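According to TrEMBL, the features are:
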type     : residues   : note
ACT_SITE : E473       : active site, proton acceptor
BINDING  : T194, G233 : FAD binding site
DOMAIN   : 190-299    : domain 'Acyl-CoA oxidase/dehydrogenase middle'
DOMAIN   : 337-488    : domain 'Acyl-CoA oxidase C-alpha1'
DOMAIN   : 533-664    : domain 'Acyl-CoA oxidase C-terminal'
Amino acid sequence: MESSSSTERVRFRTQVLARHLHQHVPSQSQSQSLRPSTCLSYSPPELSEPFDFDTKAMRKLMDGHNLEDRDWLFGLMVQSNLFCPKERGGKVFVTPDYNQTMEQQREMTMKRIGYLLDRGVFQGWLTKTGPEAELRKFAFLDVMGIFDHSLSVKLGVHFFLWGGAIQFFGTKRHHEKWLRDSENYVIKGCFAMTELGHGSNVRGIETVTTYDSNTEEFVINTPCESAQKYWIGGAANHATHTIVFSQLNMNGNSQGVHAFIAQIRDTDGNVCPNIRVADCGHKIGLNGVDNGRIWFDNVRVPRENLLNSVADVSPDGQYLSAIKNPDQRFAAFLAPLTSGRVTIAVSSIYTSKIGLAIAIRYALSRRAFSMSPNGPEVLLLDYPSHQRRLLPLLAKTYAMSFAANYLKMLYVRRTPETNKTIHIVSSAFKASLTWHNMRTLQECREACGGQGLKSENHVGHLKSEYDVQSTFEGDNNVLMQQVSKALLAEFVAAKKKNKPFAGLGLEHMNKACPVIPSQLTSSTLRGVHFQTDIFCLRERDLLHRFAAEVSQHQVQGESKEYAFIVSYQLAEDLGKAFSDRAILQTFIEAEETVSAGPLKNILGLLRTTYALITMEEDAAFLRYGFLSRENAAAVRKETGKLCSELRPHALALVSSFGIPDAFLSPIAFNWVAANSWSSVQD
């Protein structure tokens, strides 16, 4: 039957080609049988796609907190012309106008901030404390990032970096003087850490500050061109003040990096004396943020402008700190800055949700090719290859959404004892989630074909908007190496003290080494026990290998730093293994909160798809023998089955994201009407 069907298709296509080449004119009897072909029309996928689980309950599980606040802000933004509402295909969409010049985009960002400020959105962002206030702030930032990355980054710099530095590095005198005016945007802050010559290596920055005990002032200087502050968000146009990160030189001795408050513009927007500011110029994305460069020429600031929670200087010039070890002081100094990595990790997953919601909805209404000569064209998402492109990314996005929620809760409930854990987990998740976002957006762009190139359809443009996340607030590769170094330190400490592992999810190292079955069946592959075992096996084995390789280099007389550098491949594999295992664990914990039923069933499918696609894609599972060739083939085969099982739930899964239609794009809905001639005339 299959051979006969194939022959029939070949015969049909041959006849079509022959008629075309010979300009065949059909006979009267043939022409009478012809009928006008029906034009393609849009059919909403909601008419045919089932919703077999509670999408509202799924959204609550995904967003985690402040759903009503989120929806209120979505509505507030849709109401204003500042958010550029535009009707396309019978729906209104809001999106920044990327056809505007860089200068216009920057001014629109400030106008939108003013609109939100007037409506109380930022109330309590710097003057209220506690998990409830912080989660509300995170929720609002999520929503603003869904609309425009420039808006969320501009606010993130002002509230989380400038404001956060004052909160965490400062003391009561700074809180009382600066926080309320910053919350009300009377003061517009920026955060001058990165320099032309130093990015990830904060310890090596070259800006120098000395102390003048005669005037009780600090004197800040940019001693060379590589010390100019670079990529400082808000500095080019709008910021009135900045946090300056600088080496503090006291009586000829360097005390390391410290932070100072400096004014860079007056209330009229004029640049202050001894300050030079230049624009970083046009970027591949984020042009609504005014990134600038700053030089300091003997800029004097009062002694009280040193943010002194870690160290202080007395009026007569004595350096005071309860932390005598410079390394520990530096670590304590930078610990609060994890908020930036937290917000980046979270926003990257919301962006993945946007890309997937658009690409999957388009694939549920766009058809291409038919299975038979006269048969209907097939929906894109009914092709197994298209399912393989998008649905594993959907499962990963669900898994990483739970990881992002875990990271937020870890951050808002932080204590001095958890700072190390937050640093390591935020570093790992920031790298994994932003890498995933870029890959997802690229696949979604391609899955939308030519429509993915149009700016109004978002997906293509989001790639350039979010590309920066891989390198700002820490280069991803550097962050992953930091994770591996931290894990090695835990390993060495546990072995040296002969104590069990505690924290960072490494407790599995205290148990017997997991044994993976020689033959993996479908039921085994889908079991949470197997998935946990193989992820833990991979992490513990790589940690042992990394420790052994670094130790071997040290035995040969090489420094610890050099040993780390030459062991980078194992470090990268270990960092990824830690992150993947931690993400799986957060998924399992989220799943355990759900009672038996359809919602729990679909979560099980998603979790298994996440686990298996991770095994399939990471060569470490084969490279180090965690999977045999036969078992790797079984994993690949099972992943294909899982995609077909997820296919009926695709619309419900992207609907569970809770992103209003207005924040998606025309091709996610009636793309025929959105591109009709009448839309051109309108």
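Numbers here mean position along the shown chain, with the first residue as 1.
Backbone N, Cα and C atoms are what each Cβ position is placed from, and that goes for glycine too.
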Taking 10 A as the limit, how many CB atoms besides its own sit near the CB of T194 (FAD binding site)?
20
Cβ proximity for the residue listed as 'active site, proton acceptor', under 8 A, sequence spacing 6+, ordered by residue number, returns G340, R341, I344, K430
Cβ distance under 8 Å to G233 (FAD binding site), same chain, sequence separation 6 or more: which residues?
V153, K154, V157, C190, F191, V289, D290, N291
As a test of reading the model: what is the averaged pLDDT for the domain 'Acyl-CoA oxidase C-terminal' (533-664)?
96
